[in-house]
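Visitor: Can you read through this structure? Questions will come right after.
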Amino acid sequence: MTPAARTQAAIDLLDAIVAAAADNGAAADTLIARYFAQRRYAGSKDRRAVRELVYAAIRLLGERPANGRDAMVALAKTDPAIAATFDGSTHAPLPIAANEDTATPGIAPAWLMERLSASGLSAEEQGALTGRAPLDVRVNTLLATADAIAPELREPQPIVGLPDALRLPAGTDLAPFAGRLEVQDAGSQAVTLAAAAQPGMTVVDLCAGAGGKSLALAAAMANDGRIVAADIDRARLRRLEPRATAAGATIIEPLLLDAGREADALLPLRAAADVVLIDAPCSGTGTWRRNPEARWRLSPARIDRFVATQRHVLALGAPLVKPGGALVYIVCSLLDAEGRNQVDAFLAAHPRWHAEAVSLPLGRLHGLGVRLTPAHDNSDGFFVARLRAPC
Ligand SMILES: C[S@@+](CC[C@H](N)C(=O)[O-])C[C@H]1O[C@@H](n2cnc3c(N)ncnc32)[C@H](O)[C@@H]1O
């Protein structure tokens, strides 16, 4: 592909990504994979170059652009080499007109930046939300140690305070390390420590998804005890089983919940858990470095729905905690509505519970919990709080 054809391909892809973001359709990565599956003539260099153009345009624009051309013209205005590819030749985009409309660069839609500011996030902190994320892995201590595995890796960097974490060069091939290394952001590893999981405990991972945190809990518990990994999403939960097998995690019991009737399946776990971990569904404002297109998908109504779901899962999780046990609430959002305000509301409704101090290797105190941000912690953004049930 010529450079101009790559630009046109990026425009076509961005058209699809913009439409999908508006209609809650497929993710950008899925659309890119589908696009190239139908264009076998594109070599790996072309694919990489087009992908980079697409993601550079997505990162540049906080507001969802009208279409792919608007997005790429905005990117071209930051880079004369890209602007030069708008030359009107075969397979190339038409030249950029002097008065052509373009999308405006920014971090996020204006209404969302206001909410981030109101949640105490400075302009510098907001600017870091769309940077590039490092490749972080967790060494699965059920099968390996960081010291033993480090010599097999190219340039592994330790992460202060997280002895089982390593930061690796982008593009490191992790296939030879299946089971021994799990891709997991440093922030995600840090907030899981708030569970203080110990061998012999019973832990309910209520929003387990594909089990990223369940696997970390199993390692922390040295495969001794019980972890119930519950979720309403069958496809995600199904991905947990092979991961657990590869990781040698034997104490994880997947539990598929029926949305709207979750309490039925959870009844046998009433007052049974030392710890209930709730990694709640959220807007993901802390994960834009990995998933920058997510900010094109958000709306005030969508955030309201997340807030309602978070209240719902908190109400499901609280009765599972045994007297004196703990509920750990986590969101990968930096909006107070989803983080500290949820905790304040929970405690107002449960006056006999209290928030416990959590000491983590990353993050700063925020409300009754701890907040991690990309600017401060070079991790994804998270809010985590640990709530103690009455004895
Ligand atoms: C942030 S993701 C969890 C990620 C996972 N803990 C990890 O570390 O990989 C939130 C999960 O909550 C699940 N969820 C949403 N509503 C739920 C409900 N009512 N009960 C249980 N899980 C729910 C979603 O299906 C999703 O998998």
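Quick reminder: no glycine exception, Cβ is built from N, Cα and C everywhere.
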Visitor: Select one of ASP185, ASP274, ASP279: the residue that TrEMBL places in the S-adenosyl-L-methionine site alongside ASP231, ASP258.
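Guide: Of the residues offered, the record points to ASP279.
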Visitor: I want to verify one value. Collapsing DSSP to three states, which class is ASP258 (S-adenosyl-L-methionine binding site)?
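Guide: The three-state answer is coil.
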Visitor: Over the residue list ASP231, ASP258, ASP279, recorded for S-adenosyl-L-methionine, what is the maximum interresidue Cα distance in Å?
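Guide: Greatest Cα separation within the listed binding residues comes to 18 Å.
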Visitor: Please list, in sequence order, the residues in the chain of CYS332 (active site, nucleophile) that are at least six apart in sequence and whose C-beta is under 8 Å away from its C-beta.
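Guide: When sequence neighbours closer than 6 are ignored, CYS332 (active site, nucleophile) has GLY187, SER188, CYS282, GLY284, THR285, GLY286, THR287, ASP380, GLY381, PHE382 within Cβ distance under 8 Å.
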Visitor: Measuring CB to CB from ASP258 (S-adenosyl-L-methionine binding site), give everything in the same chain under 8 Å that is also at least six residues away in sequence.
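Guide: Counting only residues 6 or more apart in sequence, the Cβ neighbours of ASP258 (S-adenosyl-L-methionine binding site) under 8 Å are ILE232, ASP264, ALA265.
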